[in-house]
Amino acid sequence: MFAVWLCTLSTVKSPPVITAQPESVTTFSADDITLTCEAIGNPPPTFRWVKDGVEFDPSKDPELSVSRDSGTFSLTAKDGPIHQYQGRYNCYASNDLGTAVSNEARIVTENTPTLQKEKKVSKKVEEGESVVLPCNPPNSTVAPVIHWMDKKLRHIQQNDRVIQGRDGNLYFSHVTEADSRDDYTCNTQFPSARIIVLKEPIKLTVVPSNSVVRNRRPQMMRPTGSHSSYLVLSGQNLELECIVQGLPSPKIQWIRKDGVLSESRTSKDSYDRVLRFKNISESDSGEYQCTATNLQGMITHTYSITVEAAPYWIKKPKSQLYAPGDTVKLDCKADGIPTPDVTWSINDIDPDPKRSLKHGVLTLKNVELSDTAVYQCKAVNKHGSILINAYVYVIELPPQILTEDGLMYSVAEGQTTEMACETFDRLYPVGCPFLTCQNYKTVIVKPPLALRIQRGKPATLTCEYQVDSRQYTPQVQWRKNGQKLTESSDSDKYMIDESTLIIPEVKEEDEGIYTCEVITTLDMAEASGSITIVGSILPPVLFVNPHSPDRPDSPTQIQMTEPKDRSVTLSWTPGDHHNSPVLEYLIEFEETEYERKEWEELSRVPGTNQRATLSLKPFLSYRFRVIAINDIGKSDPSMYTDVFSTPAAPPDSNPEGVRSDSIDPGNLVITWKEMDRHSFNGPGFRYKVMWRKVLGSGPSWHTKFMTSPPFTVTDVGNFSAFDIKVQAVNEMGEGPEPKSTIGYSGEDCEFVMFDIFTLSQKLKNVRCKISLPIFGKPSNISFLITDSNEERKVLGDLQPYSHYGLSVSVFNNKGEGPQSDPLTFHTPEGVPGPPSSLLLDSPSETEMTLHWTPPTQPNGVLKGYTLKYQQGALTNSLIDSHQDLKLDPHSRYRFYLRGYTAKGEGLPIIREGATTLDGEVMEISQGFVTESWFIGLISALVLLLLVLLILCFIKRSKGGKYSVKEKEEGQIDSEVRPMNNEAFGEYSDNEEKQTASQPSLCEDSKLCTDDTLDDYANSMQTEVIMDESLASQSSRVRDVPDPGTQESSPLNPATAISHNGLPNSVVFLD
């Protein structure tokens, strides 16, 4: 605008106007530096610079060259240091009417990156483990471009297992033997410095695992932990990384926890390991979550994004001419996060405090010629500053029209236009009485159609239009899903002939919305069509009736629109119905944050509908899919949508079935039907239980918060009436006011069945006989007798999964009375007993077959078996009963076999065995003979026997000739008595009686005869043979399972097929 003033009022002085602003630059020693500052004005302005708040004269620096008639200066690249030029610069342009100030520009100087001396890195890891190869690029404010290559400069192939992080490191989720190499090289490129830094090659050695590589659950590699925060400025780009380790490689899913993840504002890269925001805005602030999942489990990481903003203008002050005496209002408004401070200056000097400054508006009343100046408005927050110049030119001139004569306006039919009449100090929009609209607007008379094309056939979209005859030939432009076809990567496949678009052979990727744009110099018209793939062309050798009905194709292009707190609109494009019209659409949903993920029916709509508004419940995360149904059957499900989360809210309803289940006298038991978790509506869900006596307690309620029923109030009296009610509450508030109901406390005499079948009845002063027959087993009848002072009887030791009949009869010393009518009940299902038998069979030295028979006491419906095994100190897992395993012929194996029902696993049967070279199984029994205490006892007995033999040899060599000596030895011999095989280590009374009459230990006694010594020798040999028999016994089948012999080392379960016909054998192969 001010340029117009300069052209019209060429002889009038004008304040300076900066036409070229300096820009910030980061430079290396090998780069040229140029800061531009150009301005116009009358008289021509002079220039000066301020660096870091201090006057800086570039003309006094011999290394700098200054341009004529401008403030621009430059530095030619040289080898010397340039750090003295780093700083913040402002350019000032001044003449007689004021001073204009430029934006602040920064010069950041960097040293040329160089390769630092570093040690060679060598890493050695076991197969299946994760590893990180460091890059450690040189420090620089300029982000480098990093490539991992080998010694032949070929890129290292990246995938969902091997990925490069934003820090330049190379991350392996798990390594394989193929990853071993010695030339992993990190190449760091600095484009602005025109240099590439080659790092030292890294050697990676992967050691093969000696056993089966075990799967591992996901773990975070980058970032670490469970939560990270990011502060980013509006307009910048942001990348969130989710690099995880695990085996197999985890799958990544991104969601927005506090809303819907925008597909248009975000994109995924690096095999879904990176979520990228381009030109981020304040609406992107929130919490995002990455979920990594594999067969072993899952892990999540939450990212908190805070978007702030550097100052930006909402309203800029306008430069304008004013006459003396006018009132000037310069309005300057800026925004940012945090809110910036707005200040004014005049010719870079603080304004006179007498001038009015309010809410960023600078007011000058009764301006004079001396008020002509350049006014600067500056907005500052912690992220930066912006500055704008506004010129107030007070001048005395007669009224003048500044608008150029003879302007022509061209508009199309239906458009609106404005013509300006600019005076020397005002701008008035006025009408144009001589304007005639003679151009007709552009219209599309035949828009492109919505085509349904079989895969492989050609598709033709036409776009017929009509334009004004006086217009030039318009430009016709085609777009697919908003992108120009001429700019797409596969533009060669499209044939465009004037207004016709032809695709010779359509494929799946050709589906989409096609828009035709007709562009003229005055206006533009557009219309859209679509292409939908409905099937494929069958080979000519096959004959298929093209009109035969079939299941419909899946709906496509599932979209969510009109999101609200409790609803969302779902739309879709129908698939081909194959000559059987769609009767209805089934909409299913899945809760993403529920552990047991399964699809549930949400709604059904008629087959003529292509959209539906879905009613949702609060505090749930949904994703949807659509299924088409015709007379033939259901289509395959459509692709599921992104996650849609509803906000929390107070409960909408209260629990049903509120009642009193009081049993014990004096107790009030309040119970209710638990609410479905879909009705919780928010976090911190609880039940508010309220009660009060019907009579005499007043209006106040007693309250108690519970997480589940029931709730018991004690000491309230027998059979008293209470008002009771239960209300649902959560952290967001309470549910609707519940209705109360009447409940009674427990009576003093009642018949109730407890969890373990407690019979409670008033039985004082009588004795009862309780009979418990099991239906189907007439011989299995249990009887219980009560004492005369008992009031209840607990019936224990009941068999699970049985049908009992209970009868009670009263008896006294005279006899038994008649039995009561039987009360029947079923005991719940329990865990099964151990399998009846488990046999091991080895066809070869590396193969083993297990045979077993079902438990004698299944205690329920037997679902299947769980098989666990151990090999020595190592543990291995059996994935299913038909997996091949490498059995070691030299190792022992212990097998644990359990049956299981819906209640859980039962007791195991345990067998040990090992294959032999001839293919037979050497089974090892785990009886008491292998226990350490038994072996110690046998060893002690053998040692005692050896001591006795030594004493016998000593006695025989010395002889026995003195009676005193004989008596003394007789007393000693009374403590040492002979042992035989029948009574090993026992005393004999007969032998004790004979001791006194024996002349010596070795005379007349068979203990020291040669035959006896031979017997002792044989006895000692028998002990040795017994030890060998123990070893032999340890190879036999143990008949009685011992559940307590399980070792504490971890076992890996293998579950057999649990359907009809449960297997009773499993084979271990090499």
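Think of each number as a place in line: the chain as shown, counted from 1.
Using N, Cα and C of the backbone, Cβ positions are placed for all residues, glycine too.
The shown structure was predicted, so the numbers you read here are calculated from the model rather than taken from an experiment.
Annotated range for region 'Disordered' in TrEMBL, selecting from 473-509, 1028-1064: 1028-1064. Broken down with DSSP, the domain 'Ig-like' (311-393) shows 3 helix, 50 strand, 30 coil. Within the model, the domain 'Ig-like' (311-393) shows a mean pLDDT value of 85, rounded to a whole number. Here the domain 'Ig-like' (113-196) is broken down by DSSP into helix, strand and coil counts: 6 helix, 33 strand, 45 coil.
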